[in-house]
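Chemist: First, the structure itself, so that you have it in front of you.
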Amino acid sequence: MRITNTSCICPVLVCLCFVQRCYGAAHHGSIKVTRNQTKHIEGETEVHHRPKRGWVWNQFFVLEEHMGPDPQYVGKLHSNSDKGDGSVKYILTGEGAGTIFIIDDTTGDIHSTKSLDREQKTHYVLHAQAIDRRTNKPLEPESEFIIKVQDINDNAPKFTDGPYIVTVPEMSEMGTSVLQVTATDADDPTYGNSARVVYSILQGQPYFSVDPKTGVIRTALHNMDREAREHYSVVIQAKDMAGQVGGLSGSTTVNITLTDVNDNPPRFPQKHYQLYVPESAQVGSAVGKIKANDADTGSNADMKYTIINGDGSGVFSISTDKETREGILSLKKPLNYEKKKSYTLNIEGANTHLDFRFSHLGPFKDVTMLKIIVGDVDEPPLFTMPSYVMEVYENAKIGTAVGTVTAQDPDTANSLVRYFIDHNSEDDRYFTIDASTGTIKTAKIFDREETAWYNITVAASEIDNPGLVSHVPVGVKILDVNDNPPELARDYDVVVCENAKPGQVIQTVTATDKDNSANGARFHFSLDEGLSLNPNFTLRDNEDNTASILTKQRRYSRTTQDIYYLPVLISDGGVPPLSSSSTLTIRVCACERDGQVRTCHAEAFLSSAGLSTGALIAILLCVVILLAIVVLFITLRRSKKEPLIISEEDVRENVVTYDDEGGGEEDTEAFDITALRNPSAAEELKYRRDVRPEVKPVPKHHPSSGLDSIDVHEFIKQRLAEADLDPSVPPYDSLQTYAYEGHRSEAGSISSLDSATTHSDQDYNYLGDWGPEFKKLAELYGEIESERTT
């Protein structure tokens, strides 16, 4: 089967079709497919010597973007078996078969029904087959062929990254690379010149140029000055078809900014300046500004101002404001119009960042002269000193002169000055000042021990102009006089052990004095001479502002005397000397052999035992609760002794119990035992308390003589008989209990409570040799023996 391509219909494309056919004949050749052929490899030529059962064709091409009204003819399929009688039927399958590509099944002509775009799909793979129309049997095996979409120049070049923003330093050399731009063309770069792009510059000449092949933009002039022009807008065009007429083009904009370099030195606008500064200007304040202009920007315009010479270099200073790049002129010393009326300064402004490539454009500094005129103003009075310190003794009388302040008018008029105290604090109310002379006096009596220093503020103003006021601080120191006697430094808790030895130091005391060291640095200690000689303790002055308390006895006893009082006289070395008497309280305590205090009295014992106030309160609270429980228990017990009232309707058996044990035979309060021991008393009429009697029994009389001899056993039997015959008893059993303990023992009691008290003559001194465990027992028996002897 032979396939031919007759797509050259448009006269314009006759040449292309010719080239296409020649190209296909030269490179693709013809392919003969036999009945047994199953596939075709593009670019290879196979010839089988069975021409009657094969088909021959060329590779198909179809132009993209076909806009004609009729389907575009692609090519023709033809089999050698086709005799032209219509018996052969051609079938087309694969990509686009039946939708994009259709075939005449009789002639084998293939047409394209749609406009194709090569940029979307470059080729289509289809399969062709020839079958017998009558039998539907294949005359040729199914073969694969390709329809390529032929490119036309329908896409213009595009700059995908534009527009561009780029910078280049000013004063750059000609040909300095700025930026490389790239345009892309969607057409086929392997076919013709549709995708061959050429660059050109449409706007930006003569400052910049572009390489037509690479798209590199370069500077085209020498020494482009940013200060003359900073921004440039360059338009670059990219045209396909190698720039020929009829090619498509696209453009982009490149915004180029020249960056600054330090190629301009600073310059003062004037060579001479004049500045007015009043003499009242404060030291450290800014009095003026000056600025040198620099056409550069950023760090290239940074500069530093200095005073290089002039008679005012010691009075004024200059600094640089980094934000505004101005020189700030400040005052270093106060101005005085009466002494100097003008100053001259030479000020230099120089760049701090230099570029040595442009040093030939320098020097990068400039100098100007500044004349400063000092203005005369009416100034407030000026004190002779910036501050005053005065002294006055404590206890001085009111009106005592403390000191004098002096102020003068610095102006030529030399006006009179008036003084007054600025009452802004409470300290200012303790002093007065003479308005004319400035003499400060006391307004109260001072106590150095209360306040040792006062700070006041004195103001001075001109009489002619009271609005001009100056101030000065005045410190008043209160001097000390010896008006406070010394006293003990603290309340001492002095303890002496019972086993102390004579001459033993039991306490060291110190003293304090509210006066300063000049009136009491040396203290003298002694015992009060007005009292009799103390036989128990003595005092020793250590001559270092301390004194020691010493014992004079060999042994002390708490039982004899547990507290001693020792008056101590303390005097200072002031003028005049002062003294005071203090009394030391000395407690006698029991100590261990090493001198450690064991106990002094009950309070000390509790403290040593570690019982705090809270613990004592808790113990007392527990005791109170126990007492309340006991009282409640007793109350409940007594409430059980109330008469037992039994309802008449209650017919159950009743057992009356008496659980009061009593106190024995001698206890006559809890239970009346007379009924058991005195038969005569038992004969008296006794009514039952648990029942209401209906018949009053008749009392029986027995002779009293001989009742004491009745045996208790007989007595109880008699009472049992009476109970059985008593008509008033309840109709149920009743139990009557008689707790008789019998007669008193002849042997008597063995308790020691009622025994006579006797004293033993035994000697307990040996308990002191048993060690510290029996020391307390030995002391107790020793004290008992001592009291007995006394």
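For all residues, glycine too, the Cβ spot is worked out from N, Cα and C.
The following feature annotations were taken from TrEMBL:
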- 1-24: signal peptide (SIGNAL)
- 79-159: domain 'Cadherin' (DOMAIN)
- 160-268: domain 'Cadherin' (DOMAIN)
- 269-383: domain 'Cadherin' (DOMAIN)
- 384-488: domain 'Cadherin' (DOMAIN)
- 488-605: domain 'Cadherin' (DOMAIN)
- 615-636: transmembrane segment (TRANSMEM)
Chemist: Do you know the DSSP helix, strand and coil residue counts for the domain 'Cadherin' (269-383)?
Modeler: 10 helix, 55 strand, 50 coil
Chemist: Summarise the domain 'Cadherin' (160-268) as counts of helix, strand and coil residues per DSSP.
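Modeler: Helix/strand/coil tally for the domain 'Cadherin' (160-268): 3 helix, 45 strand, 61 coil.
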Chemist: Write out how many residues of the domain 'Cadherin' (79-159) are helix, how many strand and how many coil, based on DSSP.
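Modeler: Split by secondary structure, the domain 'Cadherin' (79-159) comes out as 0 helix, 35 strand, 46 coil.
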Chemist: According to DSSP, how is the domain 'Cadherin' (488-605) divided among helix, strand and coil residues?
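Modeler: Within the domain 'Cadherin' (488-605) the tally stands at 7 helix, 53 strand, 58 coil.
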